[in-house]
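One structure coming up, written as structure tokens, with questions to follow.
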Ligand code: SAM
């Protein structure tokens, strides 16, 4: 049963009471319709007694919906001090369930918030089909949502931060185009670097769309709400950074043969040899385009590229736009080798999980 909040001024009145005119510079677009904020909490699957971190609560529309859904603890991270008094008002109404962190979410380690909380819901093994009773939720400015999702995907890949507790689901809003890219299947115009980075470590799903007209003030674009459930086993066995670098270069020339982008990973004297080697080893056609590569092919290419980076110290640091870069100098740098592949407690179901994921998620 949903927990009732004591009577509160309507959201619209809250905005007037606390003089919360949206700041354009912070891309503040508020959700004032509680039907929509409740739908976000419902699609995030917040249940009674769950623990939630909300990023960018602003005047608190989603915050109210999360509290109503029965979260027994809600920590909100808000950068703009103007929202602190109305959030305090909400926290008082919520009893002892809500805690306010006046911080920049890009600099906040959300995994630390509950570190010393003895009553925290139990951690759940990454290979369990169950998810911990915890959530991360946010309707953020578009310019913050993109760097934040990269930070969170990286943290998931290392099972660190809040993901030390298990496969905590994440529900965030994005401008519709970005939401489509995150969830894009193969061979679509929306397929991009972020599709691969999101899909190798999570199963992202656009749970619904919100028309721009539902926000105050109205943004130029519509919005997609995406729920990310971390995969039991990532589909690529390299570090996040190696896959990210490969994807960045491969998607650099989207309309051209994949060979053109891939060669930018290597210094000119090695590009033909190492690119040929990788294409042959991975049985990838160099004349295909990046959007036609499946996750399994990205997995093979990333693992092959990782192996080349180990064989040629400094290669991982190579940046083709920097004319000063040469492998001899780069190999002397302290981080000349790629970050190691994260190793976690092994599970006998690992291969099965991976095969299951590839078969059942039509992204390859
Ligand atoms: N969640 C509210 C809603 O749906 O009505 C507000 C949405 S508004 C688009 C984004 C909110 O995120 C604002 O309250 C803004 O101050 C906050 N915000 C922006 N950048 C932030 C950051 N780096 N860390 C934490 N909060 C941030």
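Count begins at 1; order follows the chain as displayed.
Glycine residues also receive a Cβ, built from the backbone N, Cα and C atoms like all the rest.
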For the S-adenosyl-L-methionine site, TrEMBL lists 29, 31, 78, 104, 139; sort out which one of 56, 161, 166 goes with them.
56
Does residue 31 (S-adenosyl-L-methionine binding site) have same-chain partners at least 6 apart in sequence with Cβ under 8 Å from its own Cβ, and which are they?
37, 40, 61, 62, 139, 210, 214, 215
With every protein chain in view, how many other Cβ atoms are within 10 Å of the Cβ of residue 56 (S-adenosyl-L-methionine binding site)?
24
Give me the non-local Cβ neighbours of residue 78 (S-adenosyl-L-methionine binding site): same chain, 6+ apart in sequence, Cβ-Cβ under 8 Å, ordered along the sequence.
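Counting only residues 6 or more apart in sequence, the Cβ neighbours of residue 78 (S-adenosyl-L-methionine binding site) under 8 Å are 56, 57, 58, 84, 87, 100, 101, 102, 103.
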Test of understanding: give the count of other CB atoms lying within 10 angstroms of the CB of residue 104 (S-adenosyl-L-methionine binding site).
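Around residue 104 (S-adenosyl-L-methionine binding site), other Cβ atoms within 10 Å: 11.
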Tally every other Cβ atom lying within 10 Å of the Cβ atom of residue 29 (S-adenosyl-L-methionine binding site).
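Taking all protein chains shown, residue 29 (S-adenosyl-L-methionine binding site) has 22 Cβ neighbours within 10 Å.
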